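I have placed the structure first, in the form of C-alpha cells, so that the comments after it can refer back to it.
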Amino acid sequence: MLAAIIICLLVFFLWTIINSMFLPSLPKEAKLNAYPLISVLVPMRNEMRNAQAFIHNIQQLTYPNMEVIVLDDQSTDLTKSILHKAIGLDRRFRMISGKPLPVGWVGKVHACDQLQKLANGDYLLFIDADVRLQPQTIEKSLMLLQTKRAKLLSGFPSFEVPTLLSKLLVPMQHFVVMLHLPIALANWTITPATTAVNGAFMFFEHAAYRKMGTHRAVHSSLVEDVHIARKMKEQGYRVLLANITKNVSCRMYATNGETWEGFLKNIFVGVGRSIPIVIFLTIFYSVFYILPMFLLVYGVVTFQPLYVLPYVILTLQKAFVDWKSNQQLYISCLMPLSATALVAVLWGSTWKAWRKQPYNWKGRNYL
C-alpha cells in the first residue's frame, strides 16, 4: 500500500505541474490600441471593514476610461457613510442603494443584477469589496481577454490569510483547481462541465454577458460564478481561467468563524450536491493527503525514511501550487491539516443540507 501511495502522489505531482502550464498569466505589460469603456461593478453588504480601502485602491488604477458603480446592498453597518466619504467628488464613481431582496434570489446575485442594469461599458468587471488590484490590472486583463478571444476572464486571487483556518482552507482553492480541473479543456473547449471561475473577479464582454442572460439567469444560485460560466459556454463563448495572483489579491475572511461559514455555504453546492462526490473526495483526501501525516510520525519514530516520503511528495506538490499562486510557502507544510479541514467542512456543509438547515451569510439565510 505504501508503494501505491508514493506512486500515486508522484503522478498527482507531475499532473499538477503539467496542468498548470495551461493556465495563462496576465501579461507583464499591456499595450492596447484602444481603451473601450469598462464598468467596474461592486456589490457591498456590511463591508465597513473594506469600503474605504477598496475605494482608495480603485482610485489608483491607471485605466483611463472606466466608470465605477458601487451598490450598498441593504447594509446594517456603516458601509454607506464610509463609501460616501471615500468617494468624495470623484466623478468616476457612482453609489446606489440596493433594493430589498426578492423571494427566491441570492443576495449577491440580486446586487449584481441591479448593477449590470446601470452599466454603460463595453466590458464589465464584477469584483468583491475585499479584492485589491494592481494599477494596471484592467489593461492587462483586457489585453489577455482580447488576445485569447474569450468573452469571460476570471481567476483566483492571491489570498491574504490572517487566521489559522483561512491558512488551511482558502489557498486550497488553487490546489483543487490545479489537481482536479483539466485546465486545457476548461480554457480551450466550450464544454460546460469543465469550468472553473471565481466570483471575486469576473471580467465580461458586455454583449456576450447580455446574450447569456445576465445574473438574472442564475438568480437562485449560491455558486452563481460557475453557473454563469457554464451558461456562457452553452452560448458557444470561450471562458478563460487565468493566473491573476500577481495582480489581484483578496482577503476573503478575517476570522476563523467567517472562513468556516463561507466554505460551509458553498462547498456542498460546489460539488453539485452530490453525495457520491462527497464520499469520493473524502476517501481520496484521506488516503493521499491525510494518512501520510500518520505515516510521517511512524517513519520518524521507527527510523524508516520510506514512510516519510509520501509527506515529502505532497508537501512539494502543495509548495508548487503555493508558489504558482503567490502564497506563502510555509503553508504547504500544513497540507495534511488543510485536507482534514477540507473534508470536515465538506461534511459539515453536506450535513446542513441533509438536515435542510439554512446557510447563514451576512445576516441572510439560504437553503
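Please read every residue number as a count from 1 along the shown chain.
Glycine too: its Cβ is placed from the backbone N, Cα and C atoms.
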Which range of 3-24, 267-288 is transmembrane segment, per TrEMBL:
267-288
Over the domain 'Glycosyltransferase 2-like' (39-151), what is the model's mean pLDDT?
96
Take the domain 'Glycosyltransferase 2-like' (39-151) and count its residues per DSSP category (helix H/G/I, strand E/B, coil), listing them in that order.
41 helix, 26 strand, 46 coil
